[in-house]
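Taken from TrEMBL, the feature [4Fe-4S] cluster 1 binding site applies to Cys53, Cys89, Cys123. Feature annotation from TrEMBL assigns [4Fe-4S] cluster 2 binding site to Cys199, Cys203, Cys206. Summarising the annotation, TrEMBL assigns domain 'MTTase N-terminal' to 44-162. Taken from TrEMBL, the feature domain 'Radical SAM core' applies to 185-415. The annotation domain 'TRAM' is assigned in TrEMBL to 418-481.
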Amino acid sequence: MNEEMHKYFTPPDLKAAKKRGKEEVSVLEFDRIPEEMRRIGEGKKYLIKTYGCQMNVHDSETIAGILEQMGYEGTEEEEEASIILINTCAIRENAEDKVYGEIGRLKTLKTEKPELLLGMCGCMSQEESVVNRILTKHQHVDLIFGTHNIHRLPHLLFEALMGKEMVVEVWSKEGDIVENLPKVREDGLKAWVNIMYGCDKFCTYCIVPYTRGKERSRRPEDVLAEIRELARKGYQEVTLLGQNVNAYGKDLTDREYRFGDLMDDVRQIGIPRVRFTTSHPRDFDDHLIEVLAKKGNLVEHIHLPAQSGNSDILKIMARKYTREQYMELVRKIKKAIPDVVLTTDIIVGYPGETEEQFQDTLSLMEEVEYDSAFTFIYSPREGTPAARMKDDVPMKVKKERLQRLNQLQDAISRKKNEALRGQILEVLVEGESKKDPDVLSGRTRTNKLVNFRGPKHLIGQFAHVRIDDPKTWTLSGTLAGDERIGQVGS
Ligand code: SAH
Ligand code: SF4
Ligand code: F3S
């Protein structure tokens with residue numbers, strides 16, 4: 001590494017990321033893009049490839065916003081792009097493998113077109129080993145920046161375009177909040193809104209607390225102003241984002257204001273649907289349940305990752321709840337919101353998981369009756385405590401457990417959807433179905449996908465659809481004419 005490279009190279013450090021202090025979180029305002037950088041992209045195009053969760057999807061919207069302020073235009077065609085950015089996910093090994101595959105594949109394009117700027121950002125950039133591997137094996141990458149450095153993009157891009165060396169800027173510990181970032185939202189109907197960043201839970205298998213920094217909440221007035229603005233612009237749905245939204249407000253030193261309070265305030269805003277993801281079972285308090293039970297624009301869908309149905313496994317995962325506590329929470333939620341749809345995330349094959357312990361997960365699934373579940377085979381992440389644990393569960397067994405779990409969930413999903421046969425549901429019509437342009441598709445308040453035939457002018461609006469063909473993952477129905485089922489959001 002030469003001097004020039006040192007100038008921009010701040011290596012990420014997992015250990016530093018773990019040291020959480022009580023330092024104040026600063027709220028910064030995104031500056032106007034400096035004059036000399038505002039026209040850099042004129043006549044040029046960008047392409048962002050996004051992997052991972054909704055945070056990343058939304059970060060890509062911010063990155064797009066910054067690039068467009070620099071004059072760039074979006075494209076879907078690699079050949080047309082002057083900049084290709086890969087927004088990466090580090091949650092499981094296969095997520096990382098896909099990114100390495102993509103970086104390798106893009107080498108050909110970069111060789112043919114040396115002026116192409118190839119960059120990597122997102123959660124993988126926060127891992128030392130990844131940055132080192134890119135520095136040594138993938139020198140055709142021009143720019144690496146971390147999840148805390150997005151607002152620095154204009155400067156980093158400027159350096160990368162001017163210099164010949166790879167520009168790397170990744171901060172390990174800093175956890176500031178940057179307001180006023182520009183955004184190019186995916187559509188005009190549904191919008192993501194960050195309410196907090198980072199995660200302090202440190203579940204033993206998970207890389208996120210290292211890649212996303214410490215838990216920090218945006219000021220309620222900033223969140224509410226953003227949602228009001230989206231409502232004014234005609235958005236029909238917002239999803240509030242955080243790795244653990246129930247921890248919202250814990251870090252606000254100047255007031256006592258938590259997630260339940262935020263939801264209660266969001267309820268008063270004229271936006272038809274409000275979702276949130278993800279809630280951690282540990283901090284799901286009674287006030288929040290009480291507020292969600294008021295419904296209105298707060299939809300009756302809660303994603304409540306369980307991870308396992310066995311208390312011993314939950315303990316070594318450091319989830320900080322037992323199976324009994326989780327079930328008690330589920331009972332409380334169902335009592336307050338009888339038509340609630342619960343979904344979850346489950347990990348199978350955690351180090352040392354026995355057949356019996358796995359069966360507890362199966363029985364939890366049956367007891368809760370989730371409408372759907374994201375299920376994963378445990379993947380060791382370097383630097384996390386679980387990666388150092390002895391894992392004597394063979395891959396074959398893990399795969400077989402995943403299959404059994406999925407079979408059970410499919411049967412439950414099918415049963416749950418079958419119960420909707422004949423019902424008229426409120427659907428937010430999103431567009432033409434991917435498979436058949438004559439079919440429209442949209443989502444219920446509980447986020448189920450509904451396909452039906454109807455006029456195109458319904459796109460972007462609410463329609464009432466009678467479900468007449470429920471399937472395991474989707475619902476098919478017919479437009480229910482003028483039949484009213486009450487006000488939107490009732
Ligand atoms: N903050 C969210 C989860 C974000 S990650 C929460 O706590 O609910 C999304 C899901 O990925 C997790 O819920 C978990 O089921 C899964 N996951 C995380 N780390 C994993 C790992 N090392 N191996 C397999 N699955 C993992
Ligand atoms: Fe990962 Fe746990 Fe934080 Fe979720 S709560 S992001 S699983 S550490
Ligand atoms: Fe992946 Fe980072 Fe999200 S690791 S799941 S993109 S927070």
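Every residue number used here counts from 1 along the chain in the order it is shown.
Cβ atoms here come from the backbone N, Cα and C positions, even for glycine.
Keep in mind that this is a model prediction, so the values were computed, not measured.
Features as recorded by TrEMBL, highlighted on the structure.
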residue: Cys53; record: [4Fe-4S] cluster 1 binding site; DSSP (3 states): coil
residue: Cys89; record: [4Fe-4S] cluster 1 binding site; DSSP (3 states): coil
residue: Cys123; record: [4Fe-4S] cluster 1 binding site; DSSP (3 states): helix
residue: Cys199; record: [4Fe-4S] cluster 2 binding site; DSSP (3 states): coil
residue: Cys206; record: [4Fe-4S] cluster 2 binding site; DSSP (3 states): coil
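A distance of 12 Å separates the Cα atom of Cys89 ([4Fe-4S] cluster 1 binding site) from that of Cys206 ([4Fe-4S] cluster 2 binding site). Among the binding-site residues Cys53, Cys89, Cys123, Cys199, residues whose Cβ is positioned under 6 Å from ligand 2 are identified as Cys199.
In the domain 'TRAM' (418-481), helix, strand and coil residues by DSSP number 4 helix, 34 strand, 26 coil. Each residue in the domain 'MTTase N-terminal' (44-162) gets a DSSP state, and the totals come to 66 helix, 23 strand, 30 coil. Checking the binding-site residues Cys89, Cys123, Cys206 against ligand 1, the ones whose Cβ sits under 6 Å from it are Cys206. For the recorded [4Fe-4S] cluster 1 site, residues Cys53, Cys89, Cys123 set the reference point as the centre of their Cβ atoms, and the other residues of that chain within 8 Å of it by Cβ are Tyr51, Gly52, Met55, Asn56, Thr88, Ala90, Ile91, Ala95, Gly122, Val208, Thr211.
Filtering Cys123, Cys199, Cys203, Cys206 by Cβ distance to ligand 3 (under 6 A) retains the following binding-site residues: Cys123.
By neighbour count, meaning other C-beta atoms within 10 Å, the densest spot among the binding-site residues Cys53, Cys123 is Cys123.
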